[in-house]
Amino acid sequence: YTQENLIGTLLAIFGNLLVSISVSIQKQSHVALAGNKDPRQYYYTKTWWSGLMLMVLGEGALFVSYAFAPLSLIAPLNAVSVISSSILGFLFLREKWKAQEFLKRYILTFLGCALTAGGTYLFVTFGPNSHEKLNAENIVKHVIGWPFLLYLLLGIITFCLVLYFYKQQNANYLVLILLLVALLGSVTVITVKAVSGMIVLSILGPLQLSYPIFYVMFVCMVATIVFQASFLAQASHLYDSSLIACVNYIFCTTFAIVAGAIFYQEFNHEDVLHICMFLLGCAICFFGVFLITKSKRKVKAFEPYVTMDMAKGIPTIHNKGWAVQPDYNGSFSYGALENNDSVAPVPLPVDQELSSACASQDNNRRSN
């Protein structure tokens, strides 16, 4: 195991840990604001900004790790973030399970963490050790090589076909959406490794930033990241986040390993036993992540509720908010926090309006 691989692996583990901690801190900021009925926006809190700074630091460590270790070794290490998020969700955010759900969810989560940790040990131990210096000449050689050109052609054809079914045939299947994300992600990790490697090499040795290939890779990196975020946002509106996390990890890791094997030829000098053990470790990680995400609690969806103003006697409907019991504040309400922005009077049926008008006219006549 080379020194550069060790540096890259430790940076990737450190970066994933920081990212998961930052997400938990930012989530805690949102929970605190909602629980205290704080009218401030989340970006005015110090907690949220602390989480953002940790996330930037973690993503920076991940970015640099690609310059030292093989792509096929860094990509599966996203499982570290899944493990740490599960543990932090239980400890830091104090997420609890009911007694009858303990065996079903609590045990499955830690079984998944154990399997993921074991799989991580396997693929790190038997992962590829070969790693070349990513100067501009080597990058260009890989770009114009026939293995990558063939892979790129097949990837573009597959992407266009899946995009056609998704957009034109309204095939809003999670597998199709995340397949688009994974195809883009395979290009993203190739370009990230190239950009990161050339930047680090420019700092340590000869300058590489004057070559056009650096800017080509940088533009491709930014473009694919933007489109990935767009497709992930579309998926998040249709499917549960835990399911998205599981399928996306499996797809993106698989395509990243294939991209590393084709573009950077990371498995050319590995024997069959090491490759099989590496793939076994990845498969165990996939199953562990599946168990972790399967046992995640699903947040109860908000259900509209009606309140009655005691003074005016007018019913109002609330169609947005949080699934939290509100405090009594002069009106009877049940089922969610008060959210005045989404309060609208409930229109009465036409028959009731006519009967109300007739009743008011009769009262006027009697008073006269």
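Using N, Cα and C of the backbone, Cβ positions are placed for all residues, glycine too.
All annotation found in TrEMBL is predicted automatically rather than curated by experts.
Note that the structure is a prediction, hence the values are computed from the model and not measured.
With a cut-off of 8 Å between Cβ atoms, the residues of this chain six or more beyond the transmembrane segment (6-26) that come close are 42, 47-48, 50-55, 57-70, 73-74, 77-78, 80-82, 84-85, 88-89, 92-93, 124. What TrEMBL records for 6-26 (among others) is transmembrane segment.
According to TrEMBL, the transmembrane segment annotation covers 47-68 (among others).
According to TrEMBL, the feature transmembrane segment maps to 74-93 (among others).
Using a Cβ-Cβ cut-off under 8 Å and counting only residues 6 or more beyond its ends in the same chain, the transmembrane segment (105-124) has close neighbours at 9, 73, 76-77, 79-80, 82-83, 86-87, 90, 97, 277-278, 280-295, 297. Annotation source TrEMBL lists transmembrane segment at 105-124 (among others).
Annotation comment: TrEMBL describes 144-166 (among others) as transmembrane segment.
Residues annotated as transmembrane segment in TrEMBL: 173-201 (among others).
Distant neighbours of the transmembrane segment (213-233): 136, 139-140, 143, 177-178, 180-181, 184-185, 187-188, 191-192, 194-195, 198, 244, 248; these residues of the same chain sit at least 6 beyond its ends, with a Cβ under 8 Å from one of its Cβ atoms. Per TrEMBL, transmembrane segment is recorded for 213-233 (among others).
Long-range contacts of the transmembrane segment (245-266) within the same chain, counting only residues at least 6 positions beyond its ends with a Cβ under 8 Å from a Cβ of the stretch, are 70-72, 75-76, 78-79, 82, 128, 130-132, 142, 147-148, 151, 174-175, 178-179, 181-183, 185-187, 189-190, 193, 232, 282, 285-286, 289-290, 292-294. What TrEMBL lists as transmembrane segment is 245-266 (among others).
Residues annotated as transmembrane segment in TrEMBL: 272-292 (among others).
Long-range contacts of the transmembrane segment (173-201) within its own chain (CB-CB distance under 8 A, at least 6 residues past either end) are made by residues 63-68, 71, 74-75, 133-136, 139, 155, 158-159, 162-163, 165-166, 208-209, 211, 213-214, 217-218, 220-221, 224-225, 227-228, 231-232, 234-235, 238-239, 243-244, 247-248, 251-252, 254-256, 258-260, 263-264.
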